[in-house]
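Engineer: Under the heading substrate binding site, TrEMBL lists Arg125, 148-151, 214-216, Gln220, 267-270, Arg450, 461-462. If you look up TrEMBL, you'll see Glu144, Lys305, 364-373, Tyr375, 398-401, Glu425, Lys452, Asp458 marked as ATP binding site. Residues or ranges marked as Mg(2+) binding site by TrEMBL: Glu144, Asn146, Glu368. What TrEMBL lists as domain 'Glutathione synthase substrate-binding' is 205-302.
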Amino acid sequence: MATGWGSLLQDEQQLEELARQAVDRALAEGVLLRTSQEPSSSDVVSYAPFTLFPSLVPSALLEQAYAVQMDFNALVDAVSQNAAFLEQTLSSTIKRDNFTAHLFDIHKQVLKEGIAQTVFLGLNRSDYMFQRNADGSAALKQIEINTISASFGGLASRTPAVHRHVLNVLSKTKEAAKILSNNPSKGLALGIAKAWELYGSAKALVLLIAQEKERNIFDQRAIENELLARNIHVIRRRFEDVSEKGCLDQDRRLFMDGQEVAVVYFRDGYMPSQYSPQNWEARLLLERSRAVKCPDIATQLAGTKKVQQELSRMGILEMLLPGQPETVARLRATFAGLYSLDMGEEGDQAIAEALAAPSQFVLKPQREGGGNNLYGEEMVQVLERLKDSEERASYILMEKIEPEPFGNCLLRPGSPVRMVQCISELGIFGVYVRQGKTLVMNKYVGHLLRTKAIEHADGGVAAGVAVLDNPFPV
């Protein structure tokens, strides 16, 4: 990969002036977060952290990531409909991981009662890094797929203007024109709108399940505003509100404050800390309803790390997507090495390899939201503790991706402007809608580039480690 903005990154005075211009433009464009001091109020807001320059991304890898997104949509949808595969895959995990077990219990209750929902909506984001090969080329490798509360589709549509502005200030108008337009929130809203339309009740609302303290509200508002422009009204409620004021009628239609709900869009409910006993009851009520859930419980389970690891096993993709060898080949090309830690010889061998070469592996629990993975010495300590315990089945091992570091400036409120060595993670947003057994929509709708300093192993923008970025195709 080319070196990028090398000479520009050396002049500290110029960087500080550029940073001032970039921050003002970001605020003007709406690249905003609420503050950590006042996460429930928009009275005082700040800019969401971002890079001063767009980061170089090989065009071929960007195109490959876009090209495989519809395949990943179809795969997640296929997994969510295969109850036997989910049960078999998660059988050892749910013995040791209470959170996954709780989700799985709801899944089983819904199957037993009979699924009332007839329209299914997936809004996901598949995340990749660029593996540095021995010959200097780069390969696209999937880190994970997020099937619940995939965020930053709103803010990602606001950042291209900021980076174009920075390059235009430097009289780099040709380069500025190369920054791709990007509007994931519009595409995500299209999916919600299609599901709402197929639900078939013109007065029904979209219910957004929100957290009490939500710094990332402007990202969510971008989708709400797109829906309102189509005359689809969104109400924001917490799980607690659902348990107090939500109910089902005899046809299992969902009502909130007396108004019918067509689509439930979760921007909460992906971490154990987000569930009290009352919240679990609310989640069950929502899952039992006819409303379109984004995601339904089976699709959330399809996004677990354990499922990701099993999908990499030979023959599994062929079983889930029969008669589609090209699709299978495109998907498999993006897989990194993934290893089960279930009790038995296979798990024993994986642990032995990781203990022998800890720098080449990552230990991943069944968690979303960033900041959960274990590396290096920390990973070794956990593996030593767990290697003879069934608790190890609640984790998977993954090959550690080693991207080529590059220089950029990460702009954060209160932090000095200086060049640091960075790596990026590329996410592609996917949308699909299924009615009964028919996929009526399957598309990619935009991208998200997040960049972090190389000393930070794990974590996304919301977790406070990575910052928003844009790909500069080379």
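Here the Cβ of each residue, glycine as well, is placed from N, Cα and C on the backbone.
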Engineer: Identify, among the binding-site residues Pro365, Gly371, the residue whose Cβ has the fewest other Cβ atoms within 10 Å in this structure.
Structural biologist: Gly371
Engineer: Can you tell me the CA-to-CA distance separating Ser149 (substrate binding site) and Gly371 (ATP binding site), as a whole number of Å?
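Structural biologist: Each residue's Cα considered, Ser149 (substrate binding site) and Gly371 (ATP binding site) end up 16 Å apart.
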Engineer: What subset of the binding-site residues Asn146, Ser151, Arg215, Asp268, Tyr270 lies within 10 angstroms of Glu368 (ATP binding site), using C-alpha positions?
Structural biologist: Asn146, Tyr270
Engineer: What's the CA-CA gap between Arg125 (substrate binding site) and Glu144 (ATP binding site) in angstrom, rounded?
Structural biologist: 9
Engineer: Return only the integer: C-alpha distance in Å from Arg215 (substrate binding site) to Lys400 (ATP binding site).
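Structural biologist: Cα to Cα, Arg215 (substrate binding site) and Lys400 (ATP binding site) are separated by 31 Å.
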Engineer: Which is it, of Tyr270, Tyr375: the one of these binding-site residues whose Cβ has the most other Cβ atoms within 10 Å?
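Structural biologist: That would be Tyr270, with the most Cβ atoms nearby.
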Engineer: State the mean pLDDT for the domain 'Glutathione synthase substrate-binding' (205-302).
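Structural biologist: When the pLDDT values over the domain 'Glutathione synthase substrate-binding' (205-302) are averaged, the result is 97.
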Engineer: How many Å separate the Cα atoms of Tyr375 (ATP binding site) and Ser151 (substrate binding site)?
Structural biologist: 25
Engineer: Tell me the Cβ contacts of Glu144 (ATP binding site) under 8 Å, same chain only and six or more apart in sequence, or just say none.
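Structural biologist: Non-local contacts for Glu144 (ATP binding site): Ser126, Asp127, Gly303, Lys305, Gln308.
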